[in-house]
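To start, the structure under review is shown below, and the notes come after it.
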């Protein structure tokens with residue numbers, strides 16, 4: 001027996017190899033190259049000048065960077081606390097035997113497959129101060145005092161943008177949860193019902209623990225997705241007004257490709273990687289404790 | 001049956017001829033990769049520059065241009081990024097001053113010494129090529145002069161507010177704007193999402209006038225500082241325009257196209273734009289029966305260069321260093337054809353300003369004639385994002401937005417610029 005297992009292990013490694021090589025070439029090695037660039041001062045043309053950890057020192061001294069980190073955290077929280085629960089609730093609803101299940105499934109998933117640029121343009125129009133749908137709707141129902149300058153007011157622009165991000169990706173988590181819910185065996189649910197666990201109780205004590213792993217995976221996906229959010233905000237507000245919606249990826253892009261500070265830009269991207277790993281580790285630890 | 005066979009043989013022979021002639025052609029053909037940013041929406045590109053490129057290809061079948069068109073906003077980023085990777089095309093549009101400088105310093109572009117006499121000094125004055133001249137060598141020939149500042153105003157709306165003339169002074173302008181606001185009209189339509197509009201269109205001319213047309217050169221030479229009172233005064237004018245609510249409230253979330261739209265839809269009385277807007281404004285005014293006037297910012301008390309008008313040469317092509325002899329000859333041939341006297345005359349006809357000294361054609365439109373007269377009352381002065389280093393452009397673009405959003409004071413922005421110099 002032992003021998004067969006060993007043999008299989010080799011086979012498994014062999015099977016992983018092509019994917020691993022691709023992953024190395026297109027993810028790991030570029031990250032390492034980035035890490036090297038983060039230690040130099042380089043405008044893309046001249047010879048790179050080694051400056052040690054200066055770029056990181058600049059980074060931590062830059063108030064705009066801290067602002068972009070804060071904005072990024074808003075996106076992370078909005079996504080984890082918005083997308084995941086809403087997606088889960090919708091999945092629970094559609095998982096009931098209701099009429100038009102297919103229709104709802106398609107409608108809810110739709111935003112995920114639309115390009116970020118189109119979504120941004122559509123929502124820019126919805127948010128438009130003068131003739132946008134949102135302000136007109138508020139006026140129409142007599143809530144004229146709630147009319148806001150959704151994307152131009154630095155105090156609320158970030159939340160307007162975050163709402164769109166939630167809207168776009170709810171469908172993704174909805175589909176993931178729906179698939180997970182459909183794997184929950186019916187006999188378990190029936191048994192629970194016989195034991196007196198009905199309605200919310202059944203969801204809380206039977207369904208939820210059974211799809212717990214999927215939830216963890218969804219949260220991890222959600223965090224990493226939120227940390228690299230870029231296109232939607234870039235098109236909708238270009239990071240403005242006055243850095244109010246600038247997230248780390250936009251901060252990195254502006255500095256590398258517009259100001260041509262490739263060293264500094266690389267430092268930002270390395271920070272994003274480390275920050276992501278830390279955040280995901282914390283979530284996994286929390287879940288592990290939750291399990292005990 | 002026989003017929004089909006014959007047809008087949010004829011076809012085979014024909015195919016053979018095509019293949020052979022292709023091979024023969026290929027031997028003498030020079031291929032040049034070309035990048036430019038003219039998508040063909042503007043009259044000057046649609047009617048002059050793009051047809052010129054086509055004509056050149058028709059006249060020179062042995063020079064094959066492989067053209068890639070990249071829209072303006074992305075063009076600069078793409079060129080910079082490709083250049084950082086050491087991969088630039090053979091002929092490329094380059095932008096003046098600090099944009100092209102790193103490419104020159106990295107030795108990626110070829111100086112045009114060998115053919116520069118074709119243009120200087122009879123057709124183009126050497127001084128005009130300043131934005132593309134480094135160490136006394138010229139690296140590109142421009143087709144146009146882009147003045148980045150004009151005020152376009154709706155005469156009827158101004159009249160309703162009691163003004164049948166564009167105000168002469170800034171004081172008067174403010175009074176007029178207040179009056180427009182009382183009439184529930186947005187005085188100025190602005191779309192500053194992309195952040196360059198306030199800097200290129202507004203601030204360059206205002207700062208050139210208030211602080212002097214030579215201020216920027218002096219700062220870069222270390223003789224002046226951004227924190228000097230004249231520069232802060234210029235910044236405060238932008239802040240004042242915003243604080244007085246002369247702009248539409250959503251200025252920071254609209255792009256420049258939406259800004260023009262608001263003007264055409266009569267939701268605002270004025271918008272500031274560049275020379276690139278003149279053609280469109282004249283056309284739209286005709287279509288919609290709008291009474292549009294063209295002016296520049298009213299005079300400011302204490303201005304050092306009161307007649308300054310920010311402008312920069314553009315639509316220039318550079319050639320990559322390290323071309324083969326045949327390629328170089330082809331590229332030179334192209335430049336001479338493309339930047340000929342005829343081109344500049346045609347450009348004038350479409351309402352563009354040109355860097356060359358060519359006589360005005362007789363059939364020029366009266367509207368454009370009046371704009372030329374307006375420009376002739378002014379002196380060309382630097383556009384900030386054509387002169388400042390790249391990271392300072394970022395700072396001032398973002399800073400002007402922060403200024404209008406009330407997130408920063410003029411003094412803070414000036415200090416930040418000085419610190420990063």
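Glycine residues also receive a Cβ, built from the backbone N, Cα and C atoms like all the rest.
The model shown is predicted, which means the values in this text are computed figures rather than measured ones.
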For this session: Tell me which range among A:51-72, A:73-94 TrEMBL lists as transmembrane segment.
Result: A:73-94
Exercise. Pick from A:215-236, A:237-258: which stretch is listed in TrEMBL under transmembrane segment?
Worked result: A:215-236
Exercise. In TrEMBL, which of A:130-151, A:262-283 is tagged transmembrane segment?
Worked result: A:262-283
Problem set entry | Long-range neighbours of the transmembrane segment (A:262-283), counting only residues six or more past its ends (CB under 8 A) | 31, 34-35, 37-44, 48, 51, 55-56, 58-59, 65, 69, 76, 216, 219-220, 223-224, 227-228, 248-249, 251-253, 255-256
Exercise. List, by number or range, the same-chain residues at least 6 past the transmembrane segment (A:215-236) whose CB is under 8 A from its CB atoms?
Worked result: 72, 75-76, 78-80, 83-84, 87-88, 116-117, 119-121, 123-124, 151, 161, 164-165, 168-169, 173, 176-177, 208, 245, 247-250, 253, 272, 275-276, 279-280, 283-284, 287
Exercise. Out of A:12-33, A:73-94, A:106-126, which stretch has the largest tally of CB pairs under 8 angstroms to the transmembrane segment (A:156-181)?
Worked result: A:73-94
Exercise. Taking a Cβ cut-off under 8 Å, which residues six or more beyond the ends of the transmembrane segment (A:73-94) line up next to it in the same chain?
Worked result: 101, 104-105, 108, 158-159, 162-163, 165-166, 169-178, 180-181, 203, 207, 215, 218-219, 222-223, 225-227, 229, 247, 279
